[in-house]
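Asks: Quick paste of what Swiss-Prot says about this protein:
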BINDING   D13, K35, 62-71, T122, R182, Q191, 211-212  substrate binding site
ACT_SITE  K64  active site, proton donor
Amino acid sequence: MSACQTPLIVALDFPTRDAALKLADQLDPALCRVKVGKELFTSSASGIVESLCAKGFEVFLDLKFHDIPNTTAMAVKAAAEMGVWMVNVHCSGGLRMMSACREVLAKRSGPQPLLIGVTVLTSMEREDLAGIGLDIEPQEQVLRLAALAEKAGMDGLVCSALEAPALKAAHPSLQLVTPGIRPAGSAQDDQRRILTPRQALDAGSDYLVIGRPISQAADPAQALAAVVAEIRS
């Protein structure tokens, strides 16, 4: 497997295996990792992960597991056995759920995936949280969940880059994975709390997830190269 030399993760947000692999064939695994989400995994099952790994990519399995502790832990274990590089769970599942995931990984031999907690989805704003009974700012809820994640021994968090400075200050050991990244001039789409790649890295993000600006570009390889140039400038 080629070691990726950048913090970039390209989201393979496609409905079919063929479409995802068509994009992957245009990308360099030395310049990016790839993310497999719910739609693609549901349509393609574990075979898509195997195919991407065979092409040299490190895979972030973005299924945001959230269930009772044992069920979630077994799902995380299954993901590890597929050979994924990163897997995530919802921090809102609680301390016992996250701790169970950490423990099940510690008991297995071989490479360990990064275990990442999802705090507040980047599409959510204060009014969205209020609608589910949380009358607080997203940043406050992120910090609450981050404290639980660190206590459970998680490797990092998915968060908006706008939350990254506060998270790095409070929890410097946690690696921060930031979606909602848009190169300068890109449309915001359905991600609300966004920054450019350079801004996100400067804010403290460790990994950057980029989707449509690369996946829907006329030339995805060129679009990826432009983002790499931006973060290296």
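Glycine is treated like the rest: Cβ placed from N, Cα and C.
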Asks: List, in sequence order, the same-chain residues at least six positions removed whose CB sits under 8 Å from that of P69 (substrate binding site)?
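Replies: For P69 (substrate binding site), the qualifying residues are G93, R96, M97, S99, A100, C101.
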Asks: Could you give the Cα-Cα distance between D13 (substrate binding site) and the residue listed as 'active site, proton donor', in whole Å?
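Replies: Just about 15 Å between their Cα atoms.
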Asks: Using DSSP with the three-state reduction, classify G211 (substrate binding site) as helix, strand or coil.
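Replies: Looking at the DSSP assignment, G211 (substrate binding site) belongs to neither helix nor strand, so coil.
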Asks: Taking just the CA atoms, what is the gap between K64 (active site, proton donor) and G211 (substrate binding site) in Å?
Replies: 17
Asks: Including all protein chains shown, what's the count of other C-beta atoms within 10 A of the C-beta of H66 (substrate binding site)?
Replies: 17
Asks: Would you say which of the recorded positions L63, K64, T122 has the most Cβ atoms within 10 Å of its own Cβ?
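Replies: When each Cβ's neighbours within 10 Å are tallied, T122 tops the list.
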Asks: Below 8 Å Cβ to Cβ and six or more residues apart, same chain only. Which residues does that give for G211 (substrate binding site)?
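Replies: Listed in sequence order: V10, A11, D13, P179.
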Asks: Around D13 (substrate binding site), how many other C-beta atoms are within 10 angstroms of its C-beta?
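Replies: Its Cβ has 19 other Cβ atoms within 10 Å.
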